[in-house]
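Swiss-Prot annotations:
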DOMAIN    191-275  domain 'RCK C-terminal 1'
DOMAIN    277-360  domain 'RCK C-terminal 2'
TRANSMEM  4-24  transmembrane segment
TRANSMEM  28-48  transmembrane segment
TRANSMEM  65-85  transmembrane segment
TRANSMEM  95-115  transmembrane segment
TRANSMEM  157-177  transmembrane segment
TRANSMEM  370-390  transmembrane segment
TRANSMEM  402-424  transmembrane segment
TRANSMEM  438-458  transmembrane segment
TRANSMEM  463-483  transmembrane segment
TRANSMEM  492-512  transmembrane segment
TRANSMEM  529-549  transmembrane segment
Amino acid sequence: MSDIAITISLLALVAVIGLWIGHWKIRGVGLGIGGVLFGGIIVAHFTNQYGLKLDAHTLHFVQEFGLILFVYTIGIQVGPGFFSSLRKSGLKLNAFAILIIVLGSIAVVLVHKIADVPLDIALGIYSGAVTNTPALGAGQQILAELGVPQTTVTMGVSYAMAYPFGICGILLAMWLIRLFFKVKVDDEAARFNAESSQDKESLHNISLKVTNQNLDGLTLIQIPGFSDEEVVCSRLKRDDMEIVPKASTEIRINDILQLVGDDNSLAKMRLIIGYEVDAPTVAYSGEIRSERVVVTNEKVLGKKIRALGIHQKYGVVISRLNRAGIELVPTGNTTLQFGDVLHMVGRSDVLNQAISVIGNAQQKLLQVQMLPVFIGIGLGVLVGSIPFYIPGFPVALKLGLAGGPLVVALILARIGTIGKLYWFMPPSANLALREIGIVLFLAVVGLKSGGSFFDTLVNGSGLEWMGYGIFITFIPLMITGILARLYGKLNYLTICGLLAGSMTDPPALAFANEIKEDNGAAALSYATVYPLVMFLRIMSPQLLAVLLWAA
């Protein structure tokens, strides 16, 4: 067999062993995808003993391509929610997540300066302690740019030393915070449910009876609120007749309007129109129905709802729009993206015609447009290679192969559609590419670092590196968790999700969810901080490398 064939065969063997190890669980907690790293270490230990030669160029390509695949698909996944997570509702949670990252970075500086740990090893320990593999890739990239030799081996070994407690440390922090504040989980869950029901900003339906004499004879568009497109009127009931109103529909006293909007907008409409009636409007004789329709027609991508003329042509109202899990009130100026879910209301005989304009081809949601994938990857590599200069920094910074594809993917996923190209990827396809990428990357890191792992652990500084990893993992989590409880007044379950999200650690999220099942507090806070944290975890090793290398 050629060296390339041997190398690829061993990579497959590493993946099999590593994924098998990752499925081992103790009390529901396992290494997960991190098991691939240890699979690589085990295989590398024996390949060194038997003198098997691996092709260095193949390993290098597989490592870099795996990293690119992983960070790009992460960006596509979190892109739609990345910018919305920075809004007011997530500011407090993201602020505490940033604090964890800052404290962890300070801990790295202390380990490097006071304990005199080499920079590459310190960054490897940092990546393992926060269980973030893209951070490892980003650190290796920037150190290679700075001319530090053998970064893959030393960083891989130190990463592996710190990784196991990186997972366990999060769980320990959750447990200690619970003991310290004598938390009663059932009370926390009840408090979260009560607060979330009050603060929920999703859209609602109400039915209002027109009693304001000033509105009699006005068209719908002339009524304040409708002209501002704050709410949508999906149905109008007059006596025994029910219609889907148009902007030009005249309103009469005692008409019943079914409105869709947020609580504040609906409260304003009560003051303008009249009082709320208990019985919602219903469709008579099956003439009016509603459907949830997915935007899949390439001809409407990037177009405004007004330009489609659906309301004018078919008398169909789009009452709600769900984009990446966020409910919006659609307006005439709303631009449609692939995968948007529209709630459409209209007469049965014409609703299907309107649906055909939007698409609603479910099979398209299972397909992947490969052209946008490679455009995104190509642009990401290009952006990652562009140097930019910051005053006071000794060298030009680059986003690199870890940061470039991530930033480009975030932007493209947020834009959603350019012409007939759409940066939507089915969750199953995204997960598959992401898992392939991270498995390839970790397999190579394990193979490169495995030869010296056991010697470092037994005869070298392995145990010392583990101690530094515990310091970097545990101290920032405990400090932030206590501050979030004392001063942030955060719910304990929310704090657990915050800690798991700040480490981008799915096993920790699974543990947090099991603390109180059927409660979404942990998952919600995890999802809120995850996009920003993933971005900062990739950028922080690069900034630390440049700052500490120059110091």
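For all residues, glycine too, the Cβ spot is worked out from N, Cα and C.
Because the structure is a prediction, the values reported are computed rather than measured.
As a quick check, the transmembrane segment (370-390) and the transmembrane segment (157-177) miss the bar of 3 or more Cβ pairs under 8 A, pairs 6 or more apart, so the two do not touch. Spatially, the transmembrane segment (157-177) is not adjacent to the transmembrane segment (4-24); fewer than three Cβ-Cβ distances between them are under 8 Å for residues at least 6 apart in sequence. Taking Cβ pairs closer than 8 Å, the transmembrane segment (402-424) reaches residues 67-68, 71-80, 82-83, 134, 137-138, 141, 298, 301-302, 335-339, 369, 371-372, 375-377, 379-386, 531, 534-535, 538-539, 542 in its own chain, all 6 or more past its ends. Residue counts for the domain 'RCK C-terminal 1' (191-275) under DSSP (helix as H, G, I; strand as E, B; rest coil) come to 26 helix, 24 strand, 35 coil. Between the transmembrane segment (438-458) and the stretches 4-24, 28-48, 95-115, it is 28-48 that has the most C-beta pairs under 8 angstroms. With a threshold of 8 Å between CB atoms, the same-chain residues lying at least 6 positions outside the transmembrane segment (463-483) that come near it are 96, 99-101, 103-104, 107-108, 111, 115, 117, 121-122, 125-126, 128-130, 158, 161-163, 165-166, 169-170, 172-174, 176-177, 180, 457, 495, 498-499, 502-503. Mean pLDDT for the domain 'RCK C-terminal 2' (277-360) in the predicted structure: 78.
Outside the transmembrane segment (95-115), and at least 6 residues removed from its termini, the chain residues within Cβ reach (under 8 Å) are 122-123, 125-126, 129-130, 468, 471-472, 475-477, 479-480, 483-484, 488, 490, 498-499, 501-502, 529, 532-533, 536-537, 540, 543-544, 548.
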